[in-house]
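Trainee: The structure follows.
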Amino acid sequence: MDIPDFSSISSRPTIFEFEGISMINHFTENWEKVKNFQARPDDILIATYPKAGTTWVSYILDLLYFGENAPEEHTSQPIYMRVPFLESCFKVIASGTELADNMTTSPRLIKTHLPVQLIPKSFWEQNSRVVYVARNAKDNVVSYFHFDRMNIVEPDPGDWNTFLHRFMDGKSVFGPWYDHVNGYWEKKQTYSNLLYLFYEDLVEDTGREVDRLCSFLGLSTSVSDREKITKDVQFDAMKQNKMTNYSTLPVMDFKISPFMRKGKVGDWKNHFTVAQNEQFDEVYKEKMKNATVKFRTEI
């Protein structure tokens, strides 16, 4: 396995407005190819707000489809090569669209953090299946903060309070969390090929959610295979697995924080002060006043 050389990326990117949301250059420089990406009817798009369970669900789907057929891939190819990140564009590695276009497997598993309004229209036109994963805002912002601390291709997060307020204001990369989770929830009402999963449900009963995925995708995976996959995708197993824990990517400083940190529900209680929690709840109530999607901040 060739490890990409990211040494040429020496400074963190700056945030700017793009298509109505906050973005960084690594996700906009290939925009024409992203926008005009040609989806296929059997593609499966894994969509999430950053740090909401993308890698977890990517790995579940990868094992469901290819665990038996290509076991060697799971020990030699990291997940970010097996499930291309559609909008990613780093000069030192093939872009997400290029990786996806060159995939020989079927179905293609492709991940994105784009809000629903920026998804390439061919996915909808081809009636591709979309698996969306949503995570409660409080745990999501904590995970996003630690991720940005350890990842040099992300903007400088500043201190916790600064990062929290940027998130509350909807100025994090990939835009407001509120719009992201609501946008896909509303799309689900009119687009039947979209499955909406909750991170909290995955933590609570991974096997049940694997069953839901199989049902949605029309897979007849045996009970024993489902049980094995459920075991293989538990947090501690994935955290130790070099093909899923991103330890092969040199842009991440694991001395600051691991890519897979805790994988729990309710860790926000270790970060929010009482004042921050009250302020967050006030903003949340206003931003989500018309939303019908509901979240659990503890299980």
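In case you wondered, yes, glycine gets a Cβ from its N, Cα and C as well.
Annotations per Swiss-Prot:
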- 51-56, R135, S143, Y199, 233-238, 261-263: 3'-phosphoadenylyl sulfate binding site (BINDING)
- H113: active site, proton acceptor (ACT_SITE)
Trainee: What is the one among the recorded positions K51, H113, R135 whose Cβ has the most other Cβ atoms less than or equal to 10 Å away?
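Mentor: It comes out as R135.
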Trainee: Quick one: Cα separation, D236 (3'-phosphoadenylyl sulfate binding site) versus H113 (active site, proton acceptor), in Å?
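Mentor: Distance (Cα to Cα, whole Å): 24 Å.
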Trainee: Given K51 (3'-phosphoadenylyl sulfate binding site) and H113 (active site, proton acceptor), what distance in Å do their CA atoms have, once rounded to a whole number?
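Mentor: Cα-Cα, rounded: 9 Å.
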Trainee: What Cα-Cα separation, expressed in whole Å, is found between V233 (3'-phosphoadenylyl sulfate binding site) and the residue listed as 'active site, proton acceptor'?
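Mentor: V233 (3'-phosphoadenylyl sulfate binding site) and the residue listed as 'active site, proton acceptor' have their Cα atoms 21 Å apart.
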Trainee: Fill in the CA-CA distance, R135 (3'-phosphoadenylyl sulfate binding site) to the residue listed as 'active site, proton acceptor', as an integer in Å.
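Mentor: Here the two Cα atoms lie 13 Å apart.
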Trainee: Under DSSP, is T54 (3'-phosphoadenylyl sulfate binding site) helix, strand or coil?
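Mentor: T54 (3'-phosphoadenylyl sulfate binding site) sits in a helix per DSSP.
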